[in-house]
Amino acid sequence: MRVLLAPMEGVLDSLVRELLTEVNDYDLCITEFVRVVDQLLPVKVFHRICPELQNASRTPSGTLVRVQLLGQFPQWLAENAARAVELGFWGVDLNCGCPSKTVNGSGGGATLLKDPELIYQGAKAMREAVPAHLPVSVKVRLGWDSGEKKFEIADAVQQAGATELVVHGRTKEQGYRAEHIDWQAIGEIRQRLNIPVIANGEIWDWQSAQQCMAISGCDAVMIGRGALNIPNLSRVVKYNEPRMPWPEVVALLQKYTRLEKQGDTGLYHVARIKQWLSYLRKEYDEATELFQHVRVLNNSPDIARAIQAIDIEKL
């Protein structure tokens with residue numbers, strides 16, 4: 001079984017990847033998207049999104065990292081894909097699933113689901129630009145406002161020469177509403193294709209992962225939000241281990257406050273610690289109290305002191 005850590009814009013950056021891969025057994029991480037418009041991006045853009053390039057495209061604990069590109073113009077997707085692998089990325093991924101209004105308004109992400117030909121052209125251009133021994137993956141949803149084009153979308157990915165396909169089991173319009181998850185549809189796509197299909201959506205624990213794999217027939221899953229709810233989720237999903245005890249979660253947060261974000265203006269940890277605690281509150285009652293304590297703090301040093309002051313031995 002493979003477990004991949006999903007790309008989550010504004011959430012799963014290099015520091016969080018470092019922390020989560022240290023306490024997990026992820027097979028692969030995908031970066032936050034690199035927005036490609038009409039130019040070959042400077043090298044520094046790739047290094048900013050993925051400092052792991054300085055470590056052979058691996059996190060400090062050794063987990064491989066693949067870059068995700070977001071755009072709609074095949075030529076520029078291809079040129080930036082070529083640059084990415086020249087810099088050392090282990091393959092590239094094409095974002096065809098982001099539901100953000102901002103992203104969709106500029107023609108990227110899930111907007112491509114409306115026209116599978118665009119997905120085909122983009123993925124094909126990337127495949128031709130990247131050496132054959134390196135993977136080119138694509139992440140999609142079941143469609144824009146319905147699943148009517150799901151097979152056309154999947155066929156476009158395979159015919160373009162992609163190595164594997166990640167399918168989020170909802171349409172763009174369904175967003176992240178739990179009641180709409182359709183693992184069966186992912187399974188129908190898997191049966192149709194000859195390339196590996198990775199299931200994504202509503203995987204929160206061992207039981208949901210087993211159910212997803214049973215229904216879809218997939219032997220690989222990608223997890224996103226759940227990885228923040230339960231920091232050791234890949235081990236829960238892979239080995240049926242118990243969730244990380246709260247004292248260990250606090251220790252992880254304490255380490256987080258000690259990590260430095262390149263280019264930080266002093267507000268990084270203010271937003272990110274509060275954000276992570278909002279996810280943790282879904283699984284840990286203790287996180288609610290801590291969140292209430294830090295939510296009124298508005299600078300990184302105060303946040304760090306509040307987290308560091310917790311005596312783990314007394315928890």
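Cβ coordinates are placed from backbone N, Cα and C, and glycine is handled just like the others.
Small disclaimer: the values here were computed from a predicted structure and weren't measured.
Pulled from Swiss-Prot:
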- Cys98: active site, proton donor (ACT_SITE)
- Pro7, Met8, Glu9, Gln68, Lys139, Asn200, Gly201, Glu202, Gly224, Arg225: FMN binding site (BINDING)
- Arg35: site 'Interacts with tRNA' (SITE)
- Asn95: site 'Interacts with tRNA' (SITE)
- Tyr176: site 'Interacts with tRNA' (SITE)
- Arg272: site 'Interacts with tRNA' (SITE)
- Lys274: site 'Interacts with tRNA' (SITE)
- Tyr279: site 'Interacts with tRNA' (SITE)
- Arg295: site 'Interacts with tRNA' (SITE)
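According to DSSP, Glu9 (FMN binding site) is assigned to coil rather than to any helix or strand. Look at the recorded sites Tyr176, Tyr279 and count other Cβ atoms within 10 Å of each Cβ; Tyr176 has the fewest. Among the recorded sites Arg35, Tyr176, Arg272, Tyr279, Arg295, not one has a Cα within 10 Å of the Cα of Glu9 (FMN binding site). The Cβ of Lys139 (FMN binding site) has 26 neighbouring Cβ atoms from other residues within 10 Å, across all protein chains displayed.
DSSP gives Arg272 (site 'Interacts with tRNA') a helix state. Within 10 Å of Asn95 (site 'Interacts with tRNA'), judged by CA to CA distance, lies none of the recorded positions Tyr176, Gly224, Lys274.
The Cβ of Gly224 has fewer other Cβ atoms within 10 Å than any other of the binding-site residues Pro7, Gly201, Gly224.
Checking each of the recorded positions (Pro7, Cys98, Lys139, Gly224) against Tyr176 (site 'Interacts with tRNA'), the C-alpha distance stays within 10 Å for none of them. Put simply, the two farthest-apart Cα atoms among Pro7, Met8, Glu9, Gln68, Lys139, Asn200, Gly201, Glu202, Gly224, Arg225, the recorded binders of FMN, are 21 Å from each other. The secondary structure of the residue listed as 'active site, proton donor', as reduced to three states from DSSP, is coil rather than helix or strand. The recorded positions listed here (Pro7, Cys98, Gly224, Arg272, Lys274, Tyr279) include Lys274 as those with a Cα within 10 A of the Cα of Arg295 (site 'Interacts with tRNA').
Long-range Cβ neighbours of the residue listed as 'active site, proton donor' (same chain, at least 6 residues apart, Cβ-Cβ under 8 Å): Glu9, Phe33, Leu70, Asn104, Gly108, Gly109, Ala110.
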